[in-house]
Amino acid sequence: MNNIRKTHPLMKIVNSSFIDLPAPSNISSWWNFGSLLGICLVAQILTGLFLAMHYTSDTMTAFSSVTHICRDVNYGWLIRYLHANGASMFFICLFLHVGRGLYYGSYMYLETWNIGVLLLFAVMATAFMGYVLPWGQMSFWGATVITNLLSAIPYIGTNLVEWIWGGFSVDKATLTRFFAFHFILPFIVAALAGVHLLFLHETGSNNPSGLNSDTDKIPFHPYYTIKDILGALIMITALSSLVLFSPDLLGDPDNYIPANPLNTPPHIKPEWYFLFAYAILRSIPNKLGGVLALVLSIAILAIIPLLHTAKQRSMMFRPLSQCLFWILVADLFTLTWIGGQPVEHPFVVIGQLASVIYFMLILLIMPTTSMIENQLLKW
């Protein structure tokens with residue numbers, strides 16, 4: 001009798017993706033983040049669904065409905081904080097996943113990489129719109145400031161902003177449409193993640209050495225299923241600790257003040273996972289220039305494969321590139337810190353320096369260093 005796992009039309013797709021999938025024998029824990037992101041996405045969709053059952057997307061009642069969820073709904077506080085901190089966990093996993101791709105040269109799988117960049121943009125858009133929904137001070141002013149950036153687009157800018165707002169300011173129409181988009185986007189993200197996996201399975205996984213691993217493959221199950229479960233348990237433990245011990249650690253206290261268009265908060269800033277891009281935006285005095293730098297800070301990932309000048313795929317055997325990679329990581333931490341600081345001396349100068357270093361490293365220094373390493377191989 002044939003194994004149903006290998007013959008059933010649906011089961012054989014699952015089988016070839018998660019059970020009998022040939023995987024390199026040497027992939028490290030840095031390869032766990034794909035599955036962790038999948039878990040995050042499912043958790044966000046489920047908690048979001050339950051929140052949407054009690055939330056009202058009206059400027060008069062949005063803030064109250066979130067309060068109602070936390071106070072009156074059974075385990076509403078838990079669902080709300082799992083959703084809010086789940087987003088932080090999602091971005092931690094995303095950044096580590098992208099960092100892994102950069103370090104080990106996974107960007108050489110062009111289709112997989114480009115869909116990944118698209119996914120990053122989609123998740124960032126989803127998170128931004130989700131942050132607006134509780135309708136606190138930071139929700140309102142964050143939405144106002146970020147959507148206003150589009151007015152820097154020549155000729156159509158002002159019309160575009162008013163079209164997105166659905167009026168002449170961020171108001172009821174804006175909140176309602178942001179709720180609609182925030183609800184639908186995660187399902188688009190899930191579909192894109194499916195395509196991301198589809199392209200990955202066309203080529204198979206990369207591995208730490210960056211070498212072809214066709215000669216040494218092992219089945220995904222049980223080896224990597226058990227490894228992924230361990231990673232998931234660690235992540236769930238971290239998320240649970242955050243939610244149950246300090247749920248507001250990563251949030252902004254200003255968001256516990258209902259939105260007031262007549263009162264601007266002293267420091268308008270987005271959630272921590274956008275601070276690096278926000279710092280790059282603020283480091284350029286020109287509005288349009290800042291917006292372009294903001295978009296390019298993420299979009300630059302799409303041209304990383306074109307900047308690969310090394311003869312080796314992975315950085316595993318390239319110590320100079322490794323040093324530069326960790327300088328880039330330190331630079332991103334610096335930008336994140338600066339993004340949360342007020343616009344005053346010395347933070348402005350530090351932000352400008354960190355922004356220049358960020359683009360210089362990616363566009364010039366790292367490709368040049370790779371070429372130097374190619375020459376060193378001959379010695």
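We number each residue from 1, going along the chain as drawn.
Glycine too: its Cβ is placed from the backbone N, Cα and C atoms.
Feature annotations, reproduced from Swiss-Prot:
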- His83, His182: heme b b562 binding site (BINDING)
- His97, His196: heme b b566 binding site (BINDING)
- His201: ubiquinone binding site (BINDING)
- 33-53: transmembrane segment (TRANSMEM)
- 77-98: transmembrane segment (TRANSMEM)
- 113-133: transmembrane segment (TRANSMEM)
- 178-198: transmembrane segment (TRANSMEM)
- 226-246: transmembrane segment (TRANSMEM)
- 288-308: transmembrane segment (TRANSMEM)
- 320-340: transmembrane segment (TRANSMEM)
- 347-367: transmembrane segment (TRANSMEM)
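Annotated features taken from Swiss-Prot, shown on the structure.
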{"residue": "His83", "record": "heme b b562 binding site", "CB count, 10 Å": "21"}
{"residue": "His97", "record": "heme b b566 binding site", "CB count, 10 Å": "20"}
{"residue": "His182", "record": "heme b b562 binding site", "CB count, 10 Å": "21"}
{"residue": "His196", "record": "heme b b566 binding site", "CB count, 10 Å": "21"}
{"residue": "His201", "record": "ubiquinone binding site", "CB count, 10 Å": "14"}
Item to check | Helix, strand or coil at His83 (heme b b562 binding site) [DSSP, three-state] | outcome: helix
Next on the checklist: Give me the CA-CA distance between His201 (ubiquinone binding site) and His182 (heme b b562 binding site), in Å, as a whole number.
Outcome noted: 29
Checklist entry - In the same chain, which residue numbers or ranges, 6 or more beyond the ends of the transmembrane segment (347-367), come under 8 angstroms Cβ to Cβ? => result 279-280, 282-284, 293, 296-297, 300, 304, 307-309, 321, 324-325, 327-328, 331-332, 334-335, 338-339, 341
Checklist entry - Do the transmembrane segment (288-308) and the transmembrane segment (113-133) come together with 3 or more C-beta pairs under 8 Å, pairs six or more apart in sequence? => result yes
Checklist outcome for this item: Stretch winning on C-beta pairs under 8 A with the transmembrane segment (77-98) (pool: 33-53, 113-133, 226-246, 320-340) is 33-53
Item to check | Between His97 (heme b b566 binding site) and His182 (heme b b562 binding site): CA-CA distance (Å) | outcome: 23
Checklist entry - Roughly how many Å separate the Cα of His196 (heme b b566 binding site) from that of His83 (heme b b562 binding site), to the nearest whole number? => result 24
Checklist entry - Is the transmembrane segment (33-53) packed against any residues at least 6 beyond its ends, judged by a Cβ distance under 8 Å, and which are they? => result 69, 79-80, 82-83, 86-87, 89-90, 93-94, 96-97, 100, 130, 182-183, 186-187, 189-190, 193, 197, 228, 231-232, 235
Checklist outcome for this item: Students should find that the Cα atoms of His83 (heme b b562 binding site) and His97 (heme b b566 binding site) sit apart, in Å rounded to an integer, by 20
